[in-house]
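Under the heading domain 'Glutamine amidotransferase type-1', Swiss-Prot lists 9-198, citing sequence analysis as support. Sequence annotations record features per position, and here Swiss-Prot assigns active site, nucleophile to C86. Among the features that Swiss-Prot reports, active site is placed at H172, E174, with the record citing sequence analysis. Look at Swiss-Prot and you will find 199-388 tagged as domain 'GMPS ATP-PPase', backed by sequence analysis. The ATP binding site annotation in Swiss-Prot covers S226, G227, G228, V229, D230, S231, S232, and the record cites sequence analysis as its basis.
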Amino acid sequence: MEMAKEQELILVLDFGSQYNQLITRRIREMGVYSELHDHEISMEEIKRLNPKGIILSGGPNSVYEEDSFTIDPEIYNLGVPILGICYGMQLTTKLLGGKVERANEREYGKAIINAKTDELFFGLPEEQNVWMSHSDKVIEIPEGFEVIADSPSTNYAAIEDKSRRIYGVQFHPEVRHTEYGNDLLRNFVRRVCDCIGEWSMENFIEIEIEKIRNQVGDRKVLCAMSGGVDSSVVAVLLHKAIGDQLTCIFVDHGLLRKGEGDMVMEQFGEGFNMNIIRVDAQERFMSKLQGVSDPEQKRKIIGNEFIYVFDDEASKLKGVDFLAQGTLYTDVIESGTKTAQTIKSHHNVGGLPEDMEFQLIEPINTLFKDEVRELGIELGIPEHLVWRQPFPGPGLGIRVLGEITEDKLEIVRESDAILRQVIREEGLEREIWQYFTVLPGIQSVGVMGDYRTYDHTVGIRAVTSIDGMTSDFARIDWEVLQKISSRIVNEVDHVNRVVYDITSKPPSTIEWE
């Protein structure tokens with residue numbers, strides 16, 4: 001993201017840790033903007049970004065392995081404060097002349113450190129519980145460094161070169177298990193990097209509107225509306241920035257929730273006075289998806305067809321150069337980087353055709369889900385719209401496992417409507433992060449009345465989360481679940497069983513496909 005000159009930035013460099021996004025989250029929660037970049041970022045790009053501080057993340061590699069991730073040692077001469085976490089500390093040690101070796105035993109879990117009072121541990125107790133996750137250890141620190149924390153298992157739990165403002169910690173301050181982790185990160189961000197902490201959604205809107213106007217000029221933009229919160233927020237942000245230069249295309253692909261299409265047209269077309277074209281492409285999508293059961297293939301087909309529909313609609317308009325999408329930061333992260341395996345391709349990331357004729361605008365691709373909701377409120381979108389259930393671009397296409405048919409879509413559509421209605425009636429909308437039904441493609445024997453049935457099973461997925469990167473299954477009252485189950489079985493044709501998904505993320509993702 002292009003940052004305004006006055007915008008404070010903490011740059012997090014990615015070495016493959018599963019906790020990378022948590023570092024970024026923790027810093028943003030302090031009111032300071034933070035971005036995650038690949039460790040191969042050039043010195044020129046770092047200088048252009050002009051960060052107030054740099055954090056080197058943890059990672060699964062060993063620094064002494066031949067193909068281990070590394071950085072340009074010139075980074076330590078930029079005069080910018082640096083904090084190395086776990087692998088980041090070991091890499092700093094190696095590059096600056098210290099020594100690292102494999103530990104006798106891998107240290108994973110809670111540990112106790114003894115810390116000295118310095119800038120990093122300012123105001124914190126000497127003895128602290130921290131979270132360790134490493135199999136290597138520092139055995140000799142570089143010249144100019146001193147120890148600022150130790151533990152029973154290592155003499156070098158934390159180190160510093162005070163004159164150059166370079167720090168390293170062997171533990172993970174970004175995870176909740178580290179007792180004073182947030183305080184340590186805050187000390188680095190506020191005391192060492194001298195950040196004021198003025199980043200807010202109001203500030204983000206000002207910066208993003210200026211960026212959009214500079215990028216677009218007097219040209220036109222198409223916005224892909226899916227009916228979900230993300231694309232809706234993007235549409236309103238763009239409309240605020242460029243007004244009538246924006247045309248929203250709402251593709252009714254037949255994979256929408258019950259009543260979704262009419263709601264979008266009413267709330268945004270009429271409510272926000274936006275130019276929205278509703279395209280009926282149901283037959284087109286169903287034709288392409290016929291016989292397809294692989295989830296990745298379904299996602300890519302849906303992504304491709306979205307773009308081709310836009311191409312068709314854009315050809316009817318003049319001077320359209322840009323396509324706007326509601327891609328989130330979590331979408332980008334989950335689609336994989338050089339240091340992380342792809343979990344699943346995202347419909348806004350992995351499904352784009354190579355011959356796409358539009359330039360992309362993705363104004364919220366640096367925001368997490370809760371930040372997008374905050375942005376929506378700041379933009380004046382009513383709360384009942386901002387707090388609608390997250391809905392993926394592929395829609396119900398990834399909530400029908402296996403091949404998609406009209407009958408299966410109807411089961412998911414009707415069962416999902418019942419689930420949402422009961423959750424709303426029980427006042428649980430704000431307590432549960434996301435909830436929906438899924439058709440797993442399982443049929444089982446049942447008895448309804450005096451007759452044997454062999455019908456579909458509907459799965460209920462309901463999770464609690466803050467940012468969508470991790471989640472836990474929602475502890476919904478059994479009586480509420482029984483009410484939902486009873487209504488689905490009695491009101492939705494060809495369903496004789498309802499199950500509840502009690503898996504967390506990880507190991508599962510929130511969506512089933």
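Just so you know, glycine gets a Cβ as well, placed from its N, Cα and C.
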Item checked: Additional residues surrounding ATP, by Cβ distance to the S226, G227, G228, V229, D230, S231, S232 centre under 8 Å -> M225, V233, V234, G326, F391
Next item on the list: Could you check which of the recorded positions (H172, E174, G227, D230, S231) sits closest to C86 (active site, nucleophile), going Cα to Cα?
Entry: H172
Notebook entry, point to check: Would you say which of the recorded positions C86, V229 has the most Cβ atoms within 10 Å of its own Cβ?
Noted result: C86
Margin query: To see if you understand the setup: which same-chain residues, six or more apart in sequence, place their Cβ under 8 Å from that of E174 (active site)?
Written below: Y19, L22, I23, R25, R26, I85, G181, L185
Notebook entry, point to check: Other than its own, how many Cβ atoms are within 10 Å of the Cβ belonging to S231 (ATP binding site)?
Noted result: 25
Check: Cα distance, H172 (active site) to V229 (ATP binding site), nearest Å?
Finding: 33
Next item on the list: Let me know how many other Cβ atoms fall within 10 Å of the Cβ of G227 (ATP binding site).
Entry: 23
Margin query: Cα-Cα, whole number of Å: S231 (ATP binding site) versus H172 (active site)?
Written below: 34
Next item on the list: Give me the Cα-Cα distance between H172 (active site) and S232 (ATP binding site), rounded to a whole Å.
Entry: 36
Notebook entry, point to check: Looking only at the domain 'Glutamine amidotransferase type-1' (9-198), what is the mean pLDDT?
Noted result: 91
